[in-house]
């Protein structure tokens, strides 16, 4: 590096780093990086106007601007700067990938650490959750896997405040775009795999290989991969990891940790499993048999981090469901779930169908996001038609697409089943609640924890759970 960055930063009394001109603060250094969709060089003047004390670029055309410094490799300069400003990380790092279940597993692992007396945090779709001390983090970018700078900023802050264990989601996009760079983890988990994000990856094979980069590129040599044995492609995954000399263990109905029986009800479930030739049993208030494997993936991650197995099992009764993940709203038979893939929707509906009373009905309200994988829309309609008695199609973050066309693509998969189409999501939820009878169950799917609705380029306040609560007060459904 031709410039001594540490000396430069001291000279200009630099306070922070940024790669986004929108987030630049006074005395920051702005790194003008050319990305997939935007070029940071186009925002140099914007960054300077917001108080950037220096700009670093690999585009020579911009060095005529005052305070702009040229380097041959801006990414390498950013990496060096990160090591200067944000060198610390929690000692124990655990990463979780999978189509569905990532948010649940990272939360379960972090919660369990806290229940066993350790300071832990999780990063992912829901944001940053901190257990065992006050919440320290604000202004987290809305990405499942953060950009490398944001990740290191947060990790440094957590380490500075005594967090020992950090669990984070690793999305296929983040892995494919190498957002984690050289981050290495002690444990890497694979929760599930089914169709999603084909608008980005194009093929299911590319999507799977992107997921597997977590294990190949980021797992420490002495680390372990924890896999859901019920993944359809599990044999391919096992062979792939074996060929790369990666140690792994499986969880599931055919796993090394074998789930033998699950009894579910509206109040939770009782789970039986065997591990190392011993039988175990535990209760959890968390609903959904698919959560059994998520909870037990969390158990094994704790076990291989050095915690006593029996202590971990004993703590599970206190682990809470994640917001928007099969979340039962107050004392009603109405559930909010993030299910936004065909597989997740089918699993959520199957669970609720299995625990409802014989003569009661199961209804679902859902839509599909705009500017996202179009191929899954008809499949989600198909899954709803297979599992639900009443289907209400509505809007779910249509973004810049015509919402009517999105709904039509969903409806094309419903075929002969009856459905109701209500564009306005609040009205759709209200309609679903109004039509509930004694012991009926309603699933509001697709948004989960989200507290917004994206229409065009506008992000409007909208929270499924809060809308349900509001409608319940008006409609007084029978719980």
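The backbone N, Cα and C atoms fix where each Cβ goes, and this holds for glycine too.
Since the structure is predicted, the reported quantities are computational estimates derived from the model, not experimental observations.
Taken verbatim from Swiss-Prot:
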BINDING   98, 99, 100, 101, 102, 103, 104  ATP binding site
BINDING   372, 396, 397, 398, 399, 446, 450  meso-2,6-diaminopimelate binding site
MOD_RES   211  N6-carboxylysine
MOTIF     396-399  motif 'Meso-diaminopimelate recognition motif'
Least surrounded among the binding-site residues, given as 98, 398, when other CB atoms within 10 Å are counted: 398
Helix, strand and coil totals (DSSP H, G, I; E, B; other) for the motif 'Meso-diaminopimelate recognition motif' (396-399): 0 helix, 1 strand, 3 coil
In three-state DSSP terms, the structure that residue 372 (meso-2,6-diaminopimelate binding site) belongs to: coil
For residue 103 (ATP binding site), the number of other Cβ atoms found within 10 Å of its own Cβ: 27
Cβ-Cβ neighbours of residue 99 (ATP binding site) (radius 10 Å): 22
For residue 396 (meso-2,6-diaminopimelate binding site), the number of other Cβ atoms found within 10 Å of its own Cβ: 28
For residue 104 (ATP binding site): intrachain residues, at least 6 apart, with Cβ closer than 8 Å: 191, 291, 294, 321, 322, 325
Neighbour tally for residue 100 (ATP binding site), based on other Cβ positions within 10 Å of its Cβ: 23
Recorded positions compared (102, 211, 372) - highest count of Cβ atoms within 10 Å: 102
Maximum Cα-Cα separation (Å), residues 372, 396, 397, 398, 399, 446, 450 listed as binding meso-2,6-diaminopimelate: 16
Residues within 8 Å of the 372, 396, 397, 398, 399, 446, 450 Cβ centre (excluding the meso-2,6-diaminopimelate site residues themselves): 340, 367, 368, 369, 370, 395, 447, 453, 454
Integer Å distance between the CA atoms belonging to residue 100 (ATP binding site) and residue 396 (meso-2,6-diaminopimelate binding site): 18
Inter-residue Cα distance where the pair is the residue listed as 'N6-carboxylysine' and residue 102 (ATP binding site), in Å: 12
Assigned conformation of residue 104 (ATP binding site) - DSSP reduced to three states: helix
